[in-house]
């Protein structure tokens, strides 16, 4: 017999629910700026800029110091540990700059993946040890939500039952610990787009993964109204020769969500998964126009798909500040419109925005 021992007080629930709803209110989404030092190095290398702490700080300062109107498009920003404690040129903490704009500050909490022995190179997530203490410290230091990314792949015998169950339980344990410490957990079970599988196969796997995740969240007494989901869109594998329209992606994606994600979840913020900036926006717009019941806000939590044009415009040069910030604002506004189903594609948007951002076996 299941006995109920309250996991959260009504005050804790109210605070978590309000924060989650605030992040995705009125077409707002999330800027994922939580790339690790190594991942940021790969980005900077492409524009021939050295991967130093100062260069990483300078680029992120450009993103965070844009006009305050960005808060109409961006409801939350996910930071990496380093960035939470960095300051702008005037000595002001980035987290304070964001909060003054009304943007909720989040923090990456997972510590990468580790191999699952006995599987076909599948992984689980590290970072549960000491997580409660880290959450408490981050909350004290201004963070109000967390992010934890689990990775599942479609391949021969993958994802295995073990990988699905292990990652679902780890996500649920993380979510529970977050909520105990006053952080809204972003639950990210990513079915990565590596492979040649078709969209229908991805839909089948995504449904199995999400069903397991919500069973685990229920088992761990996670308060769904105080969470957000960050899933992949349902797309074909990157090497699949068959191409699908945004409308087909939208129908498959919303169908999968409709079958697996409880209506209590306030928002679903899609990851961009290496899509070009423009494709990520077009797919999100089609998802919001999909003629199926959609009880949740359907928004974005994009990293590369919000930053690629801005990074290309910057090129490591301080004099490119204006064009860099304009490029970022343009993508933020486009995705906010898409989150309301109001984006209008205006033909070519420039080479950076239509370039695929796919990286095989992508790690943050």
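The backbone N, Cα and C atoms fix where each Cβ goes, glycine too.
According to Swiss-Prot, the features are:
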type	residues	note
MOD_RES	2	N-acetylalanine
MOD_RES	13	N6-succinyllysine
MOD_RES	36	phosphoserine
MOD_RES	39	phosphothreonine
BINDING	43, 272, 273, 274, 304	beta-D-fructose 1,6-bisphosphate binding site
MOD_RES	119	phosphothreonine
MOD_RES	121	N6-succinyllysine
MOD_RES	132	phosphoserine
ACT_SITE	188	active site, proton acceptor
ACT_SITE	230	active site, schiff-base intermediate with dihydroxyacetone-P
MOD_RES	272	phosphoserine
MOD_RES	276	phosphoserine
MOD_RES	299	phosphoserine
MOD_RES	301	phosphoserine
MOD_RES	317	N6-succinyllysine
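Positions of the features from Swiss-Prot, shown on the structure.
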residue : record                                                        : Cβ neighbours (10 Å)
13      : N6-succinyllysine                                             : 16
36      : phosphoserine                                                 : 16
39      : phosphothreonine                                              : 18
43      : beta-D-fructose 1,6-bisphosphate binding site                 : 19
188     : active site, proton acceptor                                  : 25
230     : active site, schiff-base intermediate with dihydroxyacetone-P : 23
273     : beta-D-fructose 1,6-bisphosphate binding site                 : 24
276     : phosphoserine                                                 : 21
299     : phosphoserine                                                 : 30
304     : beta-D-fructose 1,6-bisphosphate binding site                 : 24
Among 121, 317, the one of these modified residues whose Cβ has the fewest neighbouring Cβ atoms within 10 Å: 121
Separation of alpha carbons, residue 276 (phosphoserine) and residue 304 (beta-D-fructose 1,6-bisphosphate binding site) (Å): 8
Neighbouring C-beta atoms (10 Å sphere around the C-beta of residue 119 (phosphothreonine)): 17
Neighbouring C-beta atoms (10 Å sphere around the C-beta of residue 274 (beta-D-fructose 1,6-bisphosphate binding site)): 20
CB contacts for residue 132 (phosphoserine) [other CB atoms within 10 A, all chains]: 14
Assigned conformation of residue 273 (beta-D-fructose 1,6-bisphosphate binding site) - DSSP reduced to three states: coil
Candidates 13, 39, 273 (recorded positions) - the one closest to residue 230 (active site, schiff-base intermediate with dihydroxyacetone-P) by CA: 273
C-alpha spacing of residue 132 (phosphoserine) relative to residue 121 (N6-succinyllysine), in angstrom: 29
Listed in sequence order, residues with CB under 8 A of residue 301 (phosphoserine) and six or more positions away: 29, 30, 32, 78, 186, 230, 269, 270, 271
